Amino acid sequence: MAVEGGMKCVKFLLYVLLLAFCACAVGLIAVGVGAQLVLSQTIIQGATPGSLLPMVIIAVGAFLFLVAFVGCCGACKENYCLMITFAIFLSLIMLVEVAAAIAGYVFRDKVMLEFNKDFRQQMQNYRRDNRTTLALDKMQEDFKCCGAANYTDWESVPTVPKGQVPDSCCINVTKDCGASLQINNIYSEGCVEKIGGWLRSNVLVVAAAALGIAFVEVLGIVFACCLVKSIRSGYEVM
């Protein structure tokens, strides 16, 4: 039995929200992939709480896309079981997102401590391992920084001669530009603080996006419950 009256409007709005869910799912996957790329470039290694967050975001995005598909099928066929499944899974996704947001806030300082420790460890492998060398150079060039706290950190690296820094520390990168250590020609800020500042500047954007997604999900749950109630009433009438 097809829904009638105001439920037709609810059904239409649910379709609109399902499209929004698909867009949110793609956005979450993109954010997760982007965060994973940033973490891989900053050489954070191991299964730490901070390094696992991007994988959680990607998984939630993929699951949200699947749930949106289930909701679309349920709304199209006005299937009671599918709509109940959609509402339950959407509620679970909200719980996971809230947990991920709390974990990200709680472990934010720990992530930076891990990054600082790992960055200094990897500096000791500079010019000993090509992958590490390329990663450190790319990070210093991209974030316009030098060393962990500042350029003096390179003095403790055995593979870098005293009084020199990697060429990637130079404001204008040229061959052997770091050999003659001139303070005015190299980046003064350390990479740990520079990347930490970049992360902090993007927290508000991420928080606003998360609130928007949560609001859309709440509306989806409400509309799904209304449609489920209408479908159930139709079954009882029959």
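Yeah, the Cβs are placed from backbone N, Cα and C, and that goes for glycine too.
Annotated transmembrane segment per TrEMBL: 12-39 (among others), in sequence order. Proximity of distant same-chain residues to the transmembrane segment (12-39), defined by a Cβ-Cβ separation under 8 Å and at least 6 residues beyond the stretch ends, is recorded for 50-51, 53-62, 64-65, 67-68, 71-72, 75, 206, 209, 213, 216-217, 219-220, 223-224, 227.
Residues 14-15, 18, 21-22, 24-33, 35-36, 39, 44-45, 79, 82-83, 85-86, 89-90, 93, 96-97, 100, 103-104, 107, 111, 220, 224 of the same chain lie 6+ residues outside the transmembrane segment (51-73) yet bring a C-beta within less than 8 angstroms of a C-beta in it. Per TrEMBL, the feature transmembrane segment maps to 51-73 (among others).
Among the features that TrEMBL reports, transmembrane segment is placed at 80-107 (among others).
Long-range C-beta contacts of Cys145 (disulfide bond), restricted to its own chain and to partners at least six residues apart, with a cutoff below 8 Å, comprise Met139, Tyr187, Glu189, Gly190, Cys191, Glu193, Lys194, Ile195. Under the heading disulfide bond, TrEMBL lists Cys145-Cys177.
Marked as transmembrane segment by TrEMBL: 203-228 (among others).
If you take the C-beta of Cys177 (disulfide bond) and look for same-chain residues 6 or more apart in sequence within under 8 angstroms, you find Asp167, Cys170, Asn185.
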